[in-house]
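These features come from TrEMBL:
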type	residues	note
BINDING	Gln20, His121, Asn165, Tyr296, Trp413, Glu420, Trp421	substrate binding site
ACT_SITE	Glu166	active site, proton donor
ACT_SITE	Glu361	active site, nucleophile
Amino acid sequence: MTDVKFPEGFVWGAATAAYQIEGAAAEDGRGPSIWDTFSRTPGKVFQGHTGDVACDHYHRYAADVAMMADLGLKAYRFSVAWPRIRPDGTGPVNPRGLDFYDRLTDCLLQHGIDPIVTLYHWDLPQTLQDTGGWTDRETAEHFADYAVAVHGRLGDRIRTWTTLNEPWCSAYLGYGNGLHAPGERDAGAAFRAVHHLLLGHGLAARALRAAGAEVVGVTLNPADVRPADPESAADAAAVRLVDGLHNRIFLDPLTGAGYPQDVLEHVSRLVEPDFVRDGDEKIIAAPIDVLGINFYAPTYVAGRPGGAGASAYPGTEGSVEFLPPTGPLTDMGWMIEPAALTRLLERIGRDYPGLPLIITENGGAFPDKTSADGADDTGWVADTDRVAYLDGHLRAAHEAIARGVDLRGYLVWSLLDNFEWAEGYRKRFGIVHVDYLTQRRTPKESARWYQEVIARNGL
Ligand code: PNW
């Protein structure tokens with residue numbers, strides 16, 4: 001039990017995203033984003049919840065950072081809201097928006113916490129969506145301009161810059177099956193979005209590097225795709241297709257191999273890929289120093305027609321069934337299988353060698369076990385199931401390191417209970433409980449447990 005020690009200098013921290021925690025949606029010149037629009041569209045988000053107030057982190061960041069320091073976090077991953085910096089996506093920079101991240105950065109540094117920036121965690125300025133959003137090539141260029149503007153203000157203090165968070169979600173859930181903003185349902189739009197997100201990443205990575213950024217990366221949510229029956233050839237073909245549409249469509253071009261042929265063939269059956277221009281793959285392959293991995297659960301598939309529900313993967317309805325999750329599940333209904341994380345890290349280490357990895361998100365949603373709003377009289381929230389989830393996944397990450405994977409750090413999702421996108425506030429991922437009526441923060445049992453893990457650099 002005791003001998004799970006992580007390498008010297010392993011980065012321990014927590015992650016959040018702007019729209020999920022900040023609130024202050026109309027303050028200091030912030031413009032509307034696609035998530036403001038989407039959450040106001042009836043039927044899109046659980047009970048019409050919005051990020052208008054969220055955890056009010058915009059006003060409470062100083063106390064939140066002090067709490068992070070108390071928990072012993074070494075690093076904190078937050079995202080910058082594009083519509084705070086350029087309210088209409090392209091026009092003049094809004095200095096008051098930058099001021100917030102300036103204050104946050106200084107506060108983190110004063111507490112000895114290393115800031116890790118995500119430039120895009122899904123809150124596209126609405127004005128850019130009005131001209132096509134990520135289906136429009138120009139959005140990629142606007143993204144790089146915005147990245148440079150943020151770096152111009154914070155680059156003297158922030159070392160680690162990541163461009164996108166989970167472009168799979170932006171493209172497939174945002175433009176493919178419509179579960180996320182902007183809520184489009186169109187296979188062609190989804191693949192255009194994939195390409196323009198990757199292009200935006202490449203342009204931004206190159207521009208950040210030129211501006212002197214020390215560490216440049218991107219965060220994906222790669223999937224561990226498994227066959228229902230390891231003996232079945234049809235299931236193996238389904239794995240290959242889903243792996244292509246989920247993993248290789250991003251990882252191959254990012255690492256310089258260009259789009260995989262089998263994936264291009266699949267895409268071409270759904271949309272003319274004329275949006276991929278000569279030279280784009282070279283831009284997308286801009287060198288990166290670190291790959292962020294977000295991991296929650298494995299994916300099991302079978303090679304037979306899927307059910308009626310809209311698949312997140314365009315063009316797979318006739319040939320792939322996504323198996324319903326089995327065994328222990330989180331409150332999201334996601335499978336708990338830590339060994340899948342070991343498999344995934346090993347696979348990425350093997351197929352994309354030479355790229356340092358960091359887990360930029362891992363965690364679980366679990367319902368509160370104590371009083372209706374969580375905190376019991378002792379001020380604790382007994383989230384034993386979250387402790388077990390995190391413990392299992394840290395052991396799995398450690399196993400990958402033992403097998404030679406270059407994993408540099410682990411950031412838990414999430415510091416705070418927050419706005420869980422289409423699920424609103426009903427799903428709680430925090431290691432710190434948030435009472436949304438009072439904005440009171442209460443570290444859960446998992447936060448105290450994590451504090452000890454960090455202090456011991458191991459389990
Ligand atoms: C990630 N899916 O989102 C995001 O990066 C976080 O902002 C989010 O809160 C966290 O994971 C938990 O959901 C995902 O449907 C949302 O497969 C949906 C999916 C995957 C990741």
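Glycine is treated like the rest: Cβ placed from N, Cα and C.
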DSSP-derived structure type at Glu166 (active site, proton donor), helix or strand or else coil: coil
Mapped DSSP class for His121 (substrate binding site), helix or strand or coil: coil
Cβ within 8 Å of the mean position of the Cβ atoms of Gln20, His121, Asn165, Tyr296, Trp413, Glu420, Trp421: remaining residues of the chain near substrate: Ala17, Glu166, Glu361, Ser414, Asn418, Phe429
Long-range Cβ environment of Glu420 (substrate binding site), under 8 Å and at least 6 residues apart: Gln20, Ala365, Arg426, Lys427, Arg428, Phe429
Residue pair Glu166 (active site, proton donor), Trp421 (substrate binding site) - Cα distance, angstrom, rounded: 14
Inter-residue Cα distance where the pair is Trp421 (substrate binding site) and the residue listed as 'active site, nucleophile', in Å: 15
Diameter of the substrate binding set by C-alpha atoms, the set being Gln20, His121, Asn165, Tyr296, Trp413, Glu420, Trp421, in angstrom: 18
All-chain count of other Cβ atoms within 10 Å of the residue listed as 'active site, proton donor': 24
Nonlocal neighbours by CB distance (under 8 Å) for Asn165 (substrate binding site), same chain, sequence gap 6 or more: Ala17, Ser79, Thr118, Tyr120, His121, Trp122, Thr219, Gly292, Asn294, Thr360
